[in-house]
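Trainee: Take a look at the following structure, please.
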Amino acid sequence: MASLFSGKILRRRARATQTERVRERRHEGFLRYAGFRWAKISGGLCLLVIVSYALIDVQPRPNGGSWYGYTLGTVGALLILWLTALGYRKRRMTRDYWSLKAWTSAHVYLGLSLIVIGTWHTGFQLGWNVHTLAWALMMLVILSGLYGVIVYATLPAALSNNRDQMTQMQMLEAIRAFDRQLHAAAQPLGAADTAPVLAALEEDPFAGGIRARLTGRYPRCATAAAQRALAAATGGEAEARAKVVALLTQKQAALARLRAHLRLRALLEVWLYVHVPLTFALIAALSAHVISVFFYW
Amino acid sequence: MSGLVRVAIIGSGPAGLSAAARAAQLGLSHVLLEKTDHLSDTIFKYQKGKRVLATPERLDLRSDCRFGEAARETILADWDADAAASKVEVVYNAEVVEVTGAKGAFEIRTAKGDTIAAEAIVLAIGTQGNPNRLRCPGNDLPHIIYQVDDPEDFKDRHITVVGSGDAGIENALGVAEEALENRVTILNRSKEFARAKAKNVADLTEAGENGTIDIRTETQPKLVEEGWLTLETPDGDERIACDTIVARLGSVAPRAFVEAMGIEFTGPDREAFPKLSPTFETSVPGLYVIGALAGYPLIKHCMNQGYDVVEFINGNTALTPADEKDLAAIFAGLPQEKSVSEWLDFLRARVRIFADVSPLQMREFMLDSTVGFYRQGEVVFEKGDPGSSLFAIAEGHAEVEVAPGVTVPIEEGSIFGEVGLISGRKRGATIRAGADSIFVEVSRTAALKLMAAVPGAKRAIDRISLERQLLQIFKGGLTVEDLAPVVEGAEVVRVPAGKVVLTEGDEGDDVYVIRSGSMVVEKDIGGKPIFLRYLPAGSYFGEMAVLSGEKRNATVKAAVGSEVIKLTGAGFKAMLAARPQVREATEAAVAERAAMNGFIESRKASYASAVDLYSDTASFIMKEGLGEATDALLIDENLCVGCDNCEKACADSHEGLSRLDREAGKTFAHLHVPTSCRHCEHPHCMADCPPNVIHRGPDGEVFMEPGCIGCGNCMRNCPYGVIRMEATPPPKPGLLSWLLLGRGPGPGEPSPKWTKKRLGEEKPKKIAVKCDMCKGIAGGPACVRACPTGAAIRVSPEEFLSIARLEEDAG
Ligand SMILES: Cc1cc2nc3c(=O)[nH]c(=O)nc-3n(C[C@H](O)[C@H](O)[C@H](O)COP(=O)(O)OP(=O)(O)OC[C@H]3O[C@@H](n4cnc5c(N)ncnc54)[C@H](O)[C@@H]3O)c2cc1C
Ligand code: HEM
Ligand code: HEM
Ligand code: SF4
Ligand code: SF4
Ligand code: SF4
């Protein structure tokens, strides 16, 4: 595996810790980092476990309690602690050289290798006990991580296309601007027509709850309702109403952009609210597992 | 006004006031003439509550008035008290409009028609000048104002802003803030807002679309009345309600007024100052100039000069300037023992570019310079080092390493390092001391000031730098003599951004060397201009046609405002003829460029979309001003998950403020240029920094050292809007206590709300904040290190747009 850390990279790293700035020429995502270095390491590790499991004849049978099982269990537990440390690394801005991209790359691939390390450690003895709880939690964390990687790989381009060089603040500001214009344009309208417009003006662009946020569907959108109501309305002030309807349509487009933006951001984040709490549950279950095996062994 | 005063002081800013106080203390008959009805108008007009800073710290204050870092109000109150205590004779509302007569009997006339007779005059009117007034009837009404101190002073009013520059637009945006409920109109005489920054125009256009500002183009004021304004519009006159008019029509610089007194300036440029003797006397005997007008914009300098000038006028010749000990410190490390003035004379006599410099100017330049003693063989700088300072050889000589083992001497009295000075790029060669030597290192800003103020120095530097630049480009044993035919006919041409220098298919055999800025080379392939190459400062172009005798085979245009040196084809040919080696090397370079063009053309046929993308990406990057960048943050939005960890990392690596705005900025094909400093080759932000604290560091980073006074000039001068004026937030609890106990606001820039709660009533000073490329942080740029996905990288445009990129994409 030595060739994976070729001399060039180590030198570059040493240089970067001195004074010279490394300027990159191309973007390279965390999955492709350093020519899939961590994918190779992790794949190799899995292969090693699978092959050795098949070759080594553990007596009486492969089990977490054998020396082989202990080895894999310890490696797995250490990996889990290290994987958890990503949350700390991400926020701890020390002044030495490190790259969160490299950490994420290693995190993802080594995290996946736990499927093999953890499962082979058990010797496939799963049942309804605290041990298997730890295993199940680990698998859930890994699954949520997998979802994370998929959204990280697919959604950013959509986020970028949707915002079309606008910032979130500008999107909000655009909606407020339409509100101001609506306020002025709605003055001549009669009471029946004014009510839905007022409701649209009072609408909070952020409201709608978690479900709406994640699906991007806002069935009770007051702006859409007002637009429908006024478009269907008849009677006096037709010209003013047409103007208000046009503005409502524009505001709806602005709202749609903001909502798509919030939805994509939510999808990119929501899984961490599963991934991280489950990580802590996993650590708790794992501690229980380790303590219990020492007591009852 | 009766009788003849010993000294009349015009202008009551820190300079004039300090002079008047000294005159009063010495018991000289004097008068202090002030245009407005209060002292020190420039400082009076600072924003309310602004913290006034007392830089440079090491300089001692020598004045009869108090001064130290404090709020504007405190300082103004102190000065009122000090003026009264010293019994300064102030005349308010006395705008001087004319000065006649000569030493011993000057006659000063004010706008009101009063005259004052004085033996000597101290001119301390600063550089603010007079705002241009409206020219229509009613222009003297009191509701016309010339500046907006605080937009909050205006609520629920009809406000019309006249003027379409940055100041006008910023004021209009300020008072149009929604909560103030003003009805704001802005008038522009022409169709476009051509004089304003793109950012301001964009904000204004947006405000116009939102309906918060009424933008009236091709419209001028015609008649001002109480509560009403008549406009002259393309569709005839119109009368609108108007309670306040903000007139931002620029100001007349005081130079014409000063020159009318017979005072000579150092040159025609905007940067020029009045010519002064060591005692601040101008070319008119008996007339003295001090303060900002003399080129010293810091309040402490102004006050010291006020004190000194009156001492000089009073015949005190033994007075040593307050900066004497700073200068002494600069010369302290040298082997010889000399007094400061002996050293200054020594340098002026020895170094050619200092020959025309006055003793007073010399003092100032030396304060921005260092003098070093170098042992024989000692390295002054290495090839590839960043650095933009200029070195002058006061004693000994220097050796330039032109090739490994080959050196060329530079003689005593000459200069070196001038290439970095002009192009802002890295050092092109290693320089050693040829003997035990004394070198003066002049900072870039001081050197540029020197060139603006002393024409002789500029000529000498220009010629030397052209010769050296050519020697460096066309190696092969070329000597300064060989260059004579080229240098004689050379011409420096300024090229604005986007302007074409060479057009594909044209005749012509001139050769160009890029002195500053950068160019892009494009070729028409299949009816579309395709980007071929980015040429940074120090490259040359146009040589293909000279060698082949054919038409221009590509178009070259300026990526940013640039300067090129035009060499005639004939002179260039003569130079090549003299040195066959140079001809060969040039031909080889041409062949390489032709091969690269050929490669792109061939790919265009088979991989049209990859070539188009490469070309369009290059155009986008140039349009975003990265043509003048040396190091810029680029985000790949195929990878960016919007976590803003880059911003948080930046804030946490620097006193809690983020120096980048990830989301803002333009995007093309998912390539996003966030709002963050690009470390320009010619940083616009450096142009006008009163305490001169913006510098370029060893990695090419443009940064601010401590000492910013918060004047906001750099923020206004940066065309990319990357500088914020912000106060450092209070320190927050550590990461672990946030993670485990939830204490504090967490990673990243704390919310203004949190900061406010922490600080209570305390109002910390706002200073300029911008990216310093994580200067001094061993790990390098925090924004890049902290990006979990690899979306954020820092690039130099030259490397980013290299042909290798296309090779990867198009095989
Ligand atoms: C926003 C801002 C912030 C700054 N902050 C700082 C800081 O924190 N620290 C610092 O050291 N420097 C600061 N400066 C720079 C400093 O304020 C000025 O350089 C300094 O005030 C110059 O002093 P002066 O006496 O030469 O001229 P000024 O202070 O400009 O005074 C000139 C006076 O002359 C009067 N006058 C002009 N023409 C006439 C005439 N024809 N007849 C009679 N009177 C006339 C004017 O009304 C004025 O009162 C700042 C500048 C600005 C614009
Ligand atoms: C990756 C983390 C780990 C997971 C997911 C995990 C999971 C499991 C599971 C599911 C079993 C089978 C339980 C059974 O027999 O019913 C098991 C057995 C066992 N594990 Fe782990 N384990 C992990 C780490 C560890 C560690 C760190 C140790 C010891 C320090 C350990 C020691 C044991 C022992 C001794 C057994 C055998 C217990 C028995 O046979 O009853 N495990 N483990
Ligand atoms: C048992 C194994 C794992 C544990 C304990 C674990 C734990 C964590 C923790 C603590 C974080 C930090 C979250 C934060 O602070 O924002 C994190 C982030 C992340 N994890 Fe895992 N993880 C595991 C497995 C995986 C796997 C298998 C994958 C992918 C296949 C994965 C993908 C990610 C990703 C993409 C992030 C986000 C990185 C970022 O945006 O900063 N994880 N993980
Ligand atoms: S602050 Fe602005 S002008 Fe100065 S270097 Fe950065 S981008 Fe260029
Ligand atoms: S290089 Fe450093 S200072 Fe500049 S934006 Fe990045 S983190 Fe901030
Ligand atoms: S850290 Fe990277 S992924 Fe996160 S917002 Fe910044 S550029 Fe995007």
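A Cβ is built for glycine as well, from the same backbone N, Cα and C atoms used for every other residue.
OK, TrEMBL features for this one:
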DOMAIN    B:353-468  domain 'Cyclic nucleotide-binding'
DOMAIN    B:474-593  domain 'Cyclic nucleotide-binding'
DOMAIN    B:631-663  domain '4Fe-4S ferredoxin-type'
DOMAIN    B:700-728  domain '4Fe-4S ferredoxin-type'
DOMAIN    B:765-798  domain '4Fe-4S ferredoxin-type'
Trainee: For the domain 'Cyclic nucleotide-binding' (B:474-593), what is the mean per-residue pLDDT, to the nearest integer?
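Mentor: Per the prediction, mean pLDDT sits at 87 for the domain 'Cyclic nucleotide-binding' (B:474-593).
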Trainee: When DSSP states are grouped into helix, strand and coil, how many residues of the domain 'Cyclic nucleotide-binding' (B:353-468) land in each?
Mentor: 41 helix, 38 strand, 37 coil
Trainee: Are there residues at least 6 beyond the ends of the domain '4Fe-4S ferredoxin-type' (B:631-663) whose Cβ is under 8 Å from a Cβ of it, and what are they?
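Mentor: Distant contacts of the domain '4Fe-4S ferredoxin-type' (B:631-663): 670-679, 699-701, 722, 724, 726, 728-729, 731-732, 747-750, 769-774, 777, 781-797, 800.
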Trainee: For the domain '4Fe-4S ferredoxin-type' (B:700-728), give the DSSP counts of helix residues, strand residues and coil residues.
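Mentor: DSSP composition of the domain '4Fe-4S ferredoxin-type' (B:700-728): 5 helix, 6 strand, 18 coil.
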